[in-house]
Amino acid sequence: MSTPLQGIKVLDFTGVQSGPSCTQMLAWFGADVIKIERPGVGDVTRHQLRDIPDIDALYFTMLNSNKRSIELNTKTAEGKEVMEKLIREADILVENFHPGAIDHMGFTWEHIQEINPRLIFGSIKGFDECSPYVNVKAYENVAQAAGGAASTTGFWDGPPLVSAAALGDSNTGMHLLIGLLAALLHREKTGRGQRVTMSMQDAVLNLCRVKLRDQQRLDKLGYLEEYPQYPNGTFGDAVPRGGNAGGGGQPGWILKCKGWETDPNAYIYFTIQEQNWENTCKAIGKPEWITDPAYSTAHARQPHIFDIFAEIEKYTVTIDKHEAVAYLTQFDIPCAPVLSMKEISLDPSLRQSGSVVEVEQPLRGKYLTVGCPMKFSAFTPDIKAAPLLGEHTAVVLQELGYSDDEIAAMKQNHAI
């Protein structure tokens, strides 16, 4: 089966989550992704949060499927030579080291261009070069804090909160992926590679664009009418936290369902659409609200929006969350059950669609991992297990023209 990136070679100089999530997607699209790891150690996530002693952790296996792994010590002369040969044959190199680290290894962007002018160099950093935080070490929650997500997440009477979703890490990887694919297309026109940089702060901010919208509205109006604080609460000079309220102008909230007393996920998310208000009233047994001036418009409803949600909850609390969604969907009401990760891991529809897949690694055995979220009509990504540390070192070196004796000597010299 032909794949979009068949014949594209990627050097994966990344670790943890932001970089590996990007290069894993490139591998799913058919690229030959070679993960370059420190001899005897490898990516730090191989050892983090292990559930089986001395076996690659799920943290690693779920971010590095379909790749090849080589152990390479780029501090040695032989290791640098191998690296230069890899760069000469590669289409893309991706790194997410601390600022300046890859330069100190001897592989500046200028030197890389000399070796291979067609190479596309993808780089992830916590902050842009012009940021005052450029040298701050960044991880997931650091990026969420600096990108505007934490300050706008949580309840108005509580502290900022970080999201469980990887807005700082995997989201940054997906943003870089888009940039790399654009650079590949640009190379078709120009014949030259380019550097693509992505900061984690920028990636988070890009998902917080509606909050930047709200900041400008707040600056002009002094209030935000779709937030729970309106009209009885107070607004400061920055976008506040809105709890579970919808952020797109449609009021929404988390509502209890049957069993909520013992099941922490017995809830649904319920959205009130202006254009669907009549159906909403019929669904919850309040037809009189359709024409009542206190309820008939979004502006009229906002002062007592929580009373409305409380009334809706009187119904949802009597039935199972799945039954509630099935019933409300008949009235075209946007809603969804709050699904636990246990439910998601067992969901047959996600297995059928390939969004959750089971793969097998030689030492770990079978495990679940996320599949490709995009579905294509012309090909289906074949999700394979993550590589063992250095599993492909000899093969990759042989492809570069090294003999068995040379490979053995490099091993003896701790270059691999």
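A Cβ is built for glycine as well, from the same backbone N, Cα and C atoms used for every other residue.
Residues or ranges marked as CoA binding site in Swiss-Prot: 17-18, ARG38, 72-75, 96-98, HIS104, 137-140, 273-275. Every protein chain shown contributes to the tally, and the Cβ of GLN273 (CoA binding site) ends up with 17 other Cβ atoms within 10 Å.
Taken from Swiss-Prot, the feature active site, nucleophile covers ASP169, and the record attributes it to sequence analysis. Within 10 Å of the C-beta of ASP169 (active site, nucleophile) there are 26 other C-beta atoms, taking all protein chains into account. According to DSSP, ASP169 (active site, nucleophile) sits in a coil region rather than a helix or strand.
GLY249 (substrate binding site) carries neither a helix nor a strand DSSP state and counts as coil. Taking the Cβ of GLY249 (substrate binding site) as reference, residues of its chain lying under 8 Å away and at least six apart in sequence are, in sequence order, GLU226. According to Swiss-Prot, the feature substrate binding site maps to GLY248, GLY249, GLN250, an assignment based on similarity to another entry.
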Rounded inter-Cα distance in Å - LEU72 (CoA binding site), GLY248 (substrate binding site): 49
GLN250 (substrate binding site), number of other Cβ atoms within 10 Å: 16
GLY248 (substrate binding site), number of other Cβ atoms within 10 Å: 9
Distance [Cα-Cα, Å, rounded] between HIS98 (CoA binding site) and ASP169 (active site, nucleophile): 15
Other CB atoms, at most 10 A from the CB of LYS75 (CoA binding site): 12
For GLN273 (CoA binding site): DSSP state (helix, strand, coil): coil
Shell of the substrate site beyond GLY248, GLY249, GLN250, same chain only (C-beta within 8 angstroms of their C-beta centre): GLU226, GLY246, GLY247, PRO251
